[in-house]
C-alpha cells in the first residue's frame with residue numbers, strides 16, 4: 001500500500017474552486033500545495049506563468065490537481081475537472097473535493113500507470129503557510145555536523161520548509177493585481193508590509209555610511225604610532241577598559257558594514273549585536289543618571305580616600321601582627337623586622353601618594369563616570385580597573401613575597417641535591433650524580449641550614465599576601481564574568497523566541513483532527529519552537545572570554561613553588 | 001484497565017491503517033498529599049513565628065507554598081504521556097503536565113531504526129522500558145541514539161508488550177512501502 005501525503009495550506013480551505021499549484025516530491029511521495037488558481041483562466045497563460053516562477057525560485061512548481069469547493073456534488077463539474085487532467089498532465093493527478101458545510105474532504109488520485117493494484121492511502125496535512133515560510137528550522141545537533149549525507153537522508157521537513165520559503169515570488173501576486181491569473185495563498189488578501197520597517201530600511205543606508213566613516217576615523221586614531229610607544233602600549237594591554245572598548249568597536253563595525261547579511265545566522269548575529277548594544281547603552285545611561293542624581297558621585301569620591309586609608313591601616317596592623325608572634329609561631333626576629341619594615345615603608349609611600357591625589361579624585365571620578373554612557377560593560381570594566389589600581393600595593397607585596405619564596409624554594413631544592421651528592425644537568429634536563437669538593441659541601445650545608453631555618457618566616461609572609469591577592473583576583477574575575485554575560489547574551493533571539501516563537505523552529509508537531517471512516521486521515525502540522533536553552537546556545541555572541549587558565553592541580557603546584565599566578569587568560573593572549 | 005488508586009491507564013486509538021496513538025495516564029494530583037505538604041510547611045512556619053515573633057516568616061511561608069505549588073504543577077507533575085505513530089511521517093512523543101503545558105518531540109521516520117523493549121538492572125530489580133533506536137546517518141546499520149519512552153508513567157511489561165506489538169505492525173508497513181517503491 002502506497003501512502004500519499006498532501007500538505008495543504010489552511011488559508012486555502014475557503015478558496016473557490018480551481019487548480020492546485022505546488023511542488024511534487026517524488027522521493028517522499030508527497031505534494032506540497034502552495035496556491036490555488038481560480039477560474040476563469042487560459043491554460044497556456046498558466047503554464048507560462050508557472051515556468052517563469054520556476055526559473056526565478058528554482059523550485060519545481062507545477063499544476064498538481066484540482067480543487068472544488070461547492071454546495072453539492074455536480075456531475076458536469078466533476079467531468080470538467082477530469083478533463084483538465086488531460087490538459088495539465090501530471091502524474092499523479094490529485095482531486096480534492098470539499099462540500100461547503102462539511103469538515104471532511106474527499107480526495108482521489110488518478111494515475112495513468114498505477115504501480116500497485118491496491119488502493120493508496122491518503123494523508124491530508126494542514127499547515128500554516130505564513131508561519132512555515134517565515135520560520136527557520138534548526139535540525140538536531142548531530143545532523144548538522146554531517147556534511148556528506150546524501151539527498152535522500154536530508155530531513156524531509158527541511159525540504160518542506162525550504163520549498164515554501166523559496167516560493168516567495170509566488171506569494172507576491174494578490175487579488176487586487178490586474179493579471180490574467182487569480183491566485184489564493186496566505187497573502188492574496190493583500191501583500192503585507194510595515195511602514196516603520198520600510199522607513200527604517202531607507203534611513204539605515206545613510207546612517208550606516210556615516211557610522212562607517214566615523215568608525216574608520218576612530219580606528220585610524222587608535223592604530224596610530226603615537227599610542228604604540230612602549231610604556232603606553234603596555235598600559236593599554238593591561239587595562240580591561242581598553243579591551244572592552246575595542247570589542248564594542250568591532251561590534252559597531254559589524255553592524256555598520258554595507259554588505260547585506262547572506263544567510264540567517266549572519267542576520268541573527270547582526271540583530272543580536274544591535275539589540276545588545278542598545279540594551280547596554282540604555283543600562284549605562286540609567287546607571288549614569290542614578291550616579292549623578294543627588295551628587296552620588298561626589299559622595300563616592302569622598303568615601304574613596306577614607307576607604308583607601310582604612311585598607312592601608314588594616315595592612316599596617318597585619319604587618320605589625322606578623323612582626324610580633326603571629327598565631328603563636330616564633331619567627332626569626334631579624335628577617336621578620338627587615339621584611340616588615342620594608343613593607344611598612346611601601347605602605348607609607350602609597351598613603352602619601354593617595355593623599356597627594358586626593359584633591360583631584362573628585363574631578364577625575366566625575367569625568368570618568370561620564371563614560372558610563374558608552375555602556376554598562378564599559379562602566380564595569382572601569383570599576384574593575386579602579387579596583388586593580390587601588391590594590392596595586394597588594395599586588396606588589398604579593399610579587400615581592402612570591403619572588404623571595406620562589407628563590408628560597410629553588411635554593412633549598414638545589415642544596416638538598418648537593419646533600420645527596422647529586423646535581424641538575426641543564427643539558428640533559430635530569431638529575432645526575434656529581435662528586436663535590438669538601439669546601440663546596442661545607443658551604444652548601446651551611447647555606448642549606450640558613451635557608452631552611454628562615455623558611456617559616458618567608459612562607460608566612462608569602463601565604464598572607466597570596467591570600468590577599470587571590471581575594472582581589474576573585475573579585476575582578478566576578479566583574480569580568482558579569483561583563484562577559486552582558487556581552488554574549490543574544491537578547492534579540494530571546495525576545496524573538498518570546499514574542500514570535502514560530503520564527504525559531506526546533507521541529508514540528510502533529511495533531512490528529514476529527515476523523516471519519518472512508519475519508520483521508522486529517523492532521524494539523526504546527527511549529528514546535530526551540531527551547532530557551534538551545535536559543536542561547538545557538539546564538540551566543542563570541543567574546544574575548546576570560547576563563548581559568550590552569551586546572552586546580554597545576555594552580556596548587558604553582559602556588560607551592562612560588563611561581564607568579566595570573567589565573568584568568570584572555571582569548572587573544574599567547575600561551576606562555 | 002481498572003481504575004484503582006495506584007494504577008495507570010493505557011488507551012490505544014487507531015485513526016487509520018497507518019496511524020495509531022497510545023496514551024498512558026498517570027495518577028492525578030492527590031488532594032491528600034497536597035494538604036499534607038501545605039500543613040507541614042505552615043506548621044513549621046508557625047513554630048518559627050512563635051520562636052522569633054517575626055510575622056515575615058508567615059508571609060514567607062505562604063509565598064513559598066504558592067510558588068512551590070505552581071512550579072510543581074507546571075514543571076514536575078506529568079499527567080499524561082502519549083505516543084503517536086504515523087507510518088509515513090514519524091513518531092511523536094507528548095508529555096502533558098498538570099498545569100496544561102505540553103512538551104512535544106517529533107522524530108522523522110527516516111531517523112527511526114526500530115522500537116524495542118529494553119531491560120535494565122536498577123538496584124535489586126530488573127525494569128523494562130520501551131525505547132526508540134535512532135539510525136546513525138553516516139552508518140545506516142548502527143544505532144546512534146536510544147530514546148526512552150514513557151519515563152514518568154513507567155508502565156509495566158504488560159502495557160509495554162501491547163504498545164510494542166502495535167508499533168511493530170505499523171513499522172512493518174513502512175518496510176513494505178519501501179520494498180514496493
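Any Cβ shown, glycine's included, is placed from N, Cα and C.
Annotation comment: TrEMBL describes A:203-222 (among others) as transmembrane segment.
If you look up TrEMBL, you'll see A:273-292 (among others) marked as transmembrane segment. Beyond the transmembrane segment (A:273-292), the same-chain residues lying 6 or more positions past its ends with a Cβ under 8 Å from any Cβ of the stretch are 248, 251-252, 254-255, 300, 369-370, 372-379, 486-487, 489-492, 495, 541.
Annotation source TrEMBL lists transmembrane segment at A:338-357 (among others).
Residues or ranges marked as transmembrane segment by TrEMBL: A:364-391 (among others).
Annotation comment: TrEMBL describes A:397-419 (among others) as transmembrane segment.
What TrEMBL records for A:440-464 (among others) is transmembrane segment.
The transmembrane segment feature in TrEMBL is assigned to A:470-495 (among others).
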Beyond the flanks of the transmembrane segment (A:440-464) by 6 or more, those residues with Cβ under 8 Å of it: 318, 322, 326, 329, 331-332, 335-336, 339, 401-402, 404-405, 408, 411-412, 415-416, 418-419, 562
Contact call for the transmembrane segment (A:364-391) and the transmembrane segment (A:470-495): at least 3 Cβ pairs under 8 Å, seq gap 6+: yes
Surrounding residues of the transmembrane segment (A:470-495) on its own chain - C-beta under 8 Å, 6+ positions past either end: 240, 244, 247, 268, 271-272, 274-276, 279-280, 376-377, 380-381, 383-384, 387-388, 391, 394-395, 504, 532, 535-536, 538-543, 545-546, 567-568
Residue numbers, six or more beyond the limits of the transmembrane segment (A:397-419), whose CB comes under 8 Å of its CB atoms: 342-343, 346, 431, 436, 440-441, 444-445, 447-448, 451-452, 454-455, 458-459, 461-462, 464-466, 468-469, 561-564
